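*Asks:* One structure is given below, represented as structure tokens, and several questions about it will come after.
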Amino acid sequence: MAHGMLRLVAARGRLLHSGVSGKVCDICRAQGRLFSSSRPVRDKQQQPPPRGIPYTKLTVGVPREVWQNERSKRQLWICFRVALSPAAAATLVKKGFNVQVENGAGALASFRDDDYAAVGAKVTGNAYDSGNPPWCSGLADKIRDIEHSVEFVVPDIVLKVRQPLEQEVAKFRELSTLISFLYPAQNKLIIDQLVPKSMTLFGMDCIPRISRAQVFDALSSMANVAGYRAVIEAANHFGRFFGGQITAAGKVPPAKVLVIGGGVAGLAAMAQAKHMGAIVRGFDTRATVREQVESLGAEFLEVEFKEEGESAGGYGKEMSKEFIEAEHALFARQAREVDIIITTALIPGKKAPTLLLKEHVELMKPGSVIVDLAAEMGGNVETTKPGEISVHKDVVHVGLTDLASRLPAQSSTLYGNNISKFLLSIGQFHWLNLCRVVNLKIVEKESLNPQILKDMCGKGHFYINLEDEVVRGSIVLHEGKWLWPPPPPPSTAPTVAAAPVAAAKDQVPPSPPNYFNRTLTDSLIYTGGEDRPSVGLHAAGQTPCGLNILLARPPVGYTYCWPDLLRCKHAAGQIPYGANMLLARSPTVQTCCWPDPLRFDRCFCPLQGIGGALGLGLVSPNHAFTTMMTTFGLAGLVGYHTVWGVTPALHSPLMSVTNAISGITAVGGLVLMGGGYVPGTVPQVLGSTAAFISFINIFGGFVVTQRMLDMFKRSSDPPEHNYLYTIPLAAFMGTYGYGAMAGDYPEIHNMAYLVSSLCCVGALAGLSSQKTARLGNCLGIIGVSGGIAATLGHLGPANPVLAQMAGCMAVGGAIGSTIAKRIEITDLPQLVAAFHSLVGLAAVLTCVGTYIHEFPNFATDPAANVVKTATFLGTYIGGVTLSGSLVAYGKLQGVLNSAPWLIPGRHQINLGLGLANLGAMSWYFMEPTLNNGVSMLLTTSALSTIMGVTLTVAIGGTS
């Protein structure tokens with residue numbers, strides 16, 4: 001490993017290290033402790049005391065918020081927000097802070113003084129002699145008239161929402177600390193007045209945008225509230241509904257909303273507008289926002305000029321003149337179409353960019369609404385009046401600068417969480433900074449002894465550590481000294497020596513990617529796991545991945561350590577030790593370790609490929625093992641993938657592949673088939689018919705899915721080699737075929753079912769994004785093929801019956817594929833509905849055939865009622881699916897009127913059909929004869945088919 005690598009391990013109260021013992025000893029001597037033991041090496045008196053001031057000796061003050069009225073520089077208004085909610089105050093009190101809250105500070109946010117007192121905060125007298133807002137005089141008078149019987153003690157740390165005003169400067173004590181929104185670039189004059197007091201100021205708006213600081217990000221919290229409120233304000237001033245309606249008085253079209261800016265506020269506005277039924281469009285200069293906008297169901301707009309609009313800090317940046325011209329052209333087109341425009345564009349430390357010009361506003365329809373969230377920073381709209389609601393050319397402009405304050409309870413709660421956690425973090429010496437202090441390249445928090453972390457981090461103490469990137473990025477004044485703006489973060493890019501200009505001509509351009517090898521590697525991973533020659537073993541410095549997972553203690557004479565959990569790299573000769581770890585004696589230059597957790601990012605399962613999963617079937621001890629593996633695999637995979645949304649553009653392909661997978665109803669038909677080359681009984685005829693039409697749906701469904709996905713393919717996309725996914729399919733068939741034919745592995749069937757199920761679920765997960773959609777279709781084919789193969793292997797049919805099954809599969813597959821290939825591309829969505837009706841028909845036939853086939857066993861079978869219930873409900877659902885899908889096909893194809901057909905008394909009709917089905921089910925169980933059972937199944941199939949029609953015809957758009 002590279003020079004300076006340190007292994008921090010815990011073992012029997014001693015620190016074990018390898019190759020860099022000098023550094024370890026320095027750390028041990030500096031701290032007086034060993035990383036793996038809480039026993040001191042030296043006396044406690046020799047340990048360095050924690051840095052900073054104990055929380056118990058500090059007073060945190062929360063004053064009532066005031067702010068300057070834009071229309072009268074002499075008038076002060078009470079702000080609705082408060083810096084701490086009672087819940088956040090309770091957190092600080094629990095940590096040891098003395099918290100005092102000015103009486104009435106949270107009244108306008110619905111936080112009573114008694115709520116603060118109940119959590120241990122001290123309610124004090126009035127700190128500021130402020131005026132009262134005329135629009136809330138009653139409540140303000142109530143606050144003003146509170147007896148100030150308790151003297152307000154000037155706190156050590158003041159927590160505020162807004163920046164201090166000139167009237168508040170004298171209230172601060174020297175050497176105190178203020179944490180609030182500051183905006184130092186715009187409020188330099190106010191901050192300069194605090195310099196003589198040697199104050200320390202932290203700006204909540206200056207916190208850097210890094211992962212560790214997300215919990216302190218008050219700007220995002222307030223932007224979230226403001227984005228939500230912007231839509232509410234727009235709806236209040238808009239003269240129509242947001243969502244479209246079809247009423248007896250006529251059709252009401254949905255409102256069209258354009259949100260400019262895809263930050264937190266913009267995304268919150270898009271989500272709320274979409275929830276209210278509007279047609280939402282979004283625009284942002286940052287390409288990375290596109291996926292977030294589309295995930296909310298909004299349309300992402302682009303300009304024809306390519307330029308990246310993201311700065312190093314993740315915010316937007318100033319764009320070039322050419323881009324702005326293209327942007328204005330886009331806005332001009334949209335202004336003619338949309339009803340509401342919400343602008344959210346801000347550039348940190350600068351005036352808000354002007355996006356909508358006066359001529360754009362005048363292009364909008366009368367009654368349109370513009371909400372300018374950047375009004376406080378100058379506004380994104382040329383005609384906005386900050387702080388006011390104005391009208392220009394019949395277009396309402398909402399230029400309010402206190403949108404977050406108009407949801408005071410919510411915004412105060414979020415802000416209180418942000419600022420309290422930030423205050424507590426200032427006194428914590430984060431473990432990443434520990435790495436910098438001891439000059440480590442890799443260290444994990446779990447590697448460090450908790451007591452050592454506590455001692456080094458100064459827990460319970462307020463200490464301003466300027467080495468902390470969050471503290472350094474947010475601090476504005478430190479004891480009266482300007483520290484803002486912070487220095488730029490150090491570049492992590494390696495320094496490359498400048499090459500001579502002449503050598504540039506000799507440089508060979510990089511070879512194009514080998515997409516064949518990429519797809520081949522991918523297919524091999526699904527076949528047998530990681531493409532490594534020896535699973536679980538790897539050379540030093542490589543990233544291992546394997547399935548050797550057993551718990552064992554290290555052999556005698558072996559050291560054990562905890563590797564880098566994000567990469568699992570460690571020096572040769574060491575053996576990592578942790579939960580679920582196989583520890584075996586390894587070769588000299590190789591070692592065993594836990595697989596890299598970041599590798600599990602595919603649309604499959606953590607079973608290391610089809611071969612590995614079926615290998616478990618070969619060694620399975622009993623049926624209970626495979627049953628538990630099935631439950632574990634499905635629960636883990638479904639639980640992981642269901643958290644991800646599906647891209648709206650892929651809804652139709654997703655429906656198609658889901659429909660194809662539902663064709664697995666062919667399995668029920670295959671189970672009923674028999675008799676030889678042709679079926680000989682009624683159940684066998686029903687089974688072969690169900691299998692035949694199911695195979696039409698399966699083959700046709702996957703072909704339709706592929707054609708839909710091809711619609712998204714561009715000429716610039718890399719070449720595809722999806723045929724290589726026949727390798728994992730062949731591995732499945734080969735492994736399962738061997739196990740089934742050998743006859744010595746009874747559990748191979750259950751493991752085959754598991755793999756098939758996981759592939760089908762992986763197919764649905766793959767269809768959640770365009771990047772993995774084609775892989776999802778391939779996994780669906782593998783899953784359905786595997787399920788059918790497992791069924792055939794489990795049944796073991798005679799050769800004549802197998803030939804009959806093959807004939808149904810071949811003929812049905814040929815018909816389905818031919819239809820799917822020849823249909824017009826514009827007719828693919830309705831073809832999906834037509835194919836789905838076949839699933840319903842197959843379900844009806846299979847259920848009726850199953851009842852007839854199982855009837856002789858009902859008298860002695862203890863599970864007879866379960867079978868009878870399943871067949872009846874399956875028949876009912878199949879009938880609704882059959883007719884409902886056919887009606888949907890007719891509406892989409894234009895055979896039927898697409899407008900909803902509201903049958904008079906339809907609710908009573910559906911209720912009557914439902915009661916009739918319940919009556920048929922009751923008689924079905926009360927009269928246990930074959931003729932009665934079949935009659936009731938046919939009755940419910942007819943009733944449910946009618947019900948499918950009455951339910952579906954009421955759905956539709958305009959004619």
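Here the Cβ of each residue, glycine as well, is placed from N, Cα and C on the backbone.
These figures come from a predicted structure and were not determined experimentally.
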*Asks:* So which range, 150-172, 564-586, 656-678, gets flagged transmembrane segment in TrEMBL?
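*Replies:* Here TrEMBL associates transmembrane segment with the stretch 656-678.
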*Asks:* In TrEMBL, which of 103-123, 187-207, 229-249, 775-795 is tagged transmembrane segment?
*Replies:* 775-795
*Asks:* Tell me which range among 264-280, 604-620, 723-739 TrEMBL lists as transmembrane segment.
*Replies:* 723-739
*Asks:* Go through 723-739, 801-819, 938-957 and flag the stretch with the largest number of C-beta pairs under 8 Å relative to the transmembrane segment (684-703).
*Replies:* 801-819
*Asks:* Going along the chain, which residues at least six beyond the ends of the transmembrane segment (656-678) come within the CB cut-off of under 8 Å?
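*Replies:* That would be 684, 686-692, 694-695, 697-698, 700-702, 704-705, 708, 760, 763-764, 767, 776-777, 780, 783-784, 787-788, 791-792, 795, 797-798, 800-801, 803-805, 808, 828, 832, 835-836, 838-839, 842-843, 845-846, 849-850, 853.
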*Asks:* Express the predicted model's confidence over the domain 'Alanine dehydrogenase/pyridine nucleotide transhydrogenase N-terminal' (61-226) as a mean pLDDT, rounded to an integer.
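*Replies:* Here the predicted model's pLDDT, averaged over the domain 'Alanine dehydrogenase/pyridine nucleotide transhydrogenase N-terminal' (61-226), is 80.
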*Asks:* Tell me if the transmembrane segment (872-889) touches the transmembrane segment (938-957). I count contact as 3 or more CB pairs below 8 A, with pairs 6 or more residues apart.
*Replies:* yes
*Asks:* Which bits of the chain, at least 6 residues beyond where the transmembrane segment (723-739) starts or stops, bring a Cβ under 8 A of a Cβ in it?
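*Replies:* Sequence-remote neighbours of the transmembrane segment (723-739) are 516, 519-520, 522-524, 526-528, 609-611, 614-615, 617-618, 745, 748, 752, 755, 775, 778-779, 781-782, 785-786, 789-790, 793.
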*Asks:* Near the transmembrane segment (909-926), which residues from the same chain, at least 6 beyond its ends, have a CB less than 8 A from one of its CBs?
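*Replies:* Same-chain contacts beyond the flanks: 865, 868, 872, 876, 903, 932-933, 936-937, 939-940, 943-944, 946-947, 950-951.
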